[in-house]
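Undergrad: One structure follows; several queries about it will come next.
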Amino acid sequence: MASPAPPVAEELPGPASRRLYSRMEASCLELALEGERLCKAGDFKAGVAFFEAAVQVGTEDLKTLSAIYSQLGNAYFYLKEYARALQFHKHDLLLARTIGDRMGEAKASGNLGNTLKVLGRFDEAIVCCQRHLDIAQEQGDKVGEARALYNIGNVYHAKGKQLSWNAAQDPGHLPPDVRETLHRASEFYERNLSLVKELGDRAAQGRAYGNLGNTHYLLGNFTEATTFHKERLAIAKEFGDKAAERRAYSNLGNAHIFLGRFDVAAEHYKKTLQLSRQLRDQAVEAQACYSLGNTYTLLQDYERAAEYHLRHLVIAQELADRVGEGRACWSLGNAYVSMGSPAQALTFAKKHLQISQEIGDRNGELTARMNIAHLQLALGRLTSPAAAEKPDLAGYEAQGARPKRTQRLSAETWDLLRLPLDREQNGETHHTGDWRGPGRDSLPLPMRSRKYQEGPDAIERRPREGSHSPLDSADVRVQVPRTGIPRAPSSDEECFFDLLSKFQSSRMDDQRCPLEEGQAGAAEATAAPSVEDRAAQSSVTASPQTEEFFDLIASSQSRRLDDQRASVGSLPGLRITLNNVGHLRGDGDAQEPGDEFFNMLIKYQSSRIDDQRCPPPDVLPRGPTMPDEDFFSLIQRVQAKRMDEQRVDLAGSPEQEASGLPDPQQQCPPGAS
């Protein structure tokens, strides 16, 4: 049952009203202070409960209410309830603008920008962060200016990182728009670094160095990236920040991998592993083991690689990370193949297949099936290659895997696999030399080129010439196996659809409903009206009735626009009294944003139409034991030639030597080659 609303000031005598409001103000402030204390202690859920209670009590102090909104938004942000955080930061921004609090408006704009960035609405976030920067510069707030510069760089950085993931490109090989976005991020980070150096803020300098290193890493400037990460590492050690130190070592390892210094990278990853154990972070420990296993693979030390991949597998199983567990099984299979243990490799390949099927990883499933087939053939467990478990390669290239792997098969093996695969993919055979069926020109279909080259008379004469007899349907069934894969439309079908569209276009006009009876009669009298008649009809439709209809739409839409306007009086927790109503009316009009702000807002709002597009299919979820950037899949594309030189042939069966089958290690994970 809802509690009764508190009495308003007009219903109570003067002294009673003042005492009631005094108690309510004290209660609201006490609740807010307790919520702030709990949030500082890290108990955000309890802090949110106290802040919400303070809003329920309400206050007439606009600055107090603005502070409560800001704290509530920040608390919801840390709880990852970003929609609620966005709501309260919007309330804070509206209230700050209404009462003319420029510093409050700047902080609210910055908080909005950070929340929009996490939601992936980068262009809107840039508008808000730029507003924060403008006000900070206007007020001479150097600390706020530095924070705004960092936030803008962070938004551009996040946007560029997401675009680089979508492009699936290696660091340094990015599309121009992604490079431009990352360059913008680097510029703002440089400005932030210069300002925080002037302010003497070492902690902020460390953050700037770390983000500059990450940005240059994505741009492919690996030497510059190592320079910035070394600066980040030094500041982290200065402050005793173990988490930042671990991140710096990990980033240094990634950069040295792309510089080809694998031994140096391994040392940095070992430091990462040591710090992750000190921090008691199992997920990060598994990531370090995964990176070390891949690095020792590049160093051709397969026994150590298998050791670290086994550690990764154990932690992934403890944390129920099926994605990481599957990747560990795949890596272990490759390592055991390189060590000459195909039986153990087959065990992990089957486990990889099982996990890929569970999590819906189509690429992983295809890779595992191919590995299992090749390992079974190598072990000589099957009597012939035709009896092996044939990998389902249909759609392999469409799933993003490299089709070049099939080119490594020997000629004999390729002859075994090509016939069924070609039939599945194309619906016809391409390599049976003894088959002599009728050509495509034998089919009784109208050919567009002949139609336009020979003319209609030749087309009419063609059936009587008897140069080509129609193909019997029974022959088609015998010679061309039926397939469920759709055939691409030919030029004949395109011609047919062009003609169909041309003649159907006029029929559509005949089926339209006329607005007036006179027009209906005219439509019945003439099936295909002339251009003049259509122009006259279009002029008739602009009748007074039509104008009344549009007037009705305009009036209804105007009411909907009014419903969408922001109202200060609807803010939760706000009690409007004679003391603050003047601030809400007078000061609110004086703080209208300038034209530059609205021009910038319109510019970035134009991209909101992208938010309405259908999203692409979800990618494979990232497991907690996998690094944020699975750098080894990138390494394999960069080091493709090196990897081939490092492969070890199986000392296998005669079947393998005769067929020339490649190692299962050549089958790469999704996104790798």
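Including glycine, each Cβ sits where the backbone N, Cα and C put it.
From Swiss-Prot, here are the annotated features:
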COMPBIAS  420-439  compositional bias 'Basic and acidic residues'
COMPBIAS  451-467  compositional bias 'Basic and acidic residues'
COMPBIAS  516-528  compositional bias 'Low complexity'
DOMAIN    493-515  domain 'GoLoco 1'
DOMAIN    628-650  domain 'GoLoco 4'
REGION    1-507  region 'Mediates association with membranes'
REGION    361-485  region 'Interaction with STK11/LKB1'
REGION    420-475  region 'Disordered'
REGION    508-531  region 'Disordered'
REGION    644-673  region 'Disordered'
REPEAT    106-139  repeat 'TPR 3'
REPEAT    206-239  repeat 'TPR 6'
REPEAT    246-279  repeat 'TPR 7'
REPEAT    286-319  repeat 'TPR 8'
Undergrad: Can you work out the mean pLDDT of the predicted model over the repeat 'TPR 8' (286-319)?
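TA: Here the predicted model's pLDDT, averaged over the repeat 'TPR 8' (286-319), is 96.
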Undergrad: Looking only at the repeat 'TPR 8' (286-319), what are its DSSP counts of helix, strand and coil residues?
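TA: Output for the repeat 'TPR 8' (286-319) reads 30 helix, 0 strand, 4 coil.
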Undergrad: Could you give the number of helix, strand and coil residues in the repeat 'TPR 7' (246-279) as assigned by DSSP?
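TA: Output for the repeat 'TPR 7' (246-279) reads 30 helix, 0 strand, 4 coil.
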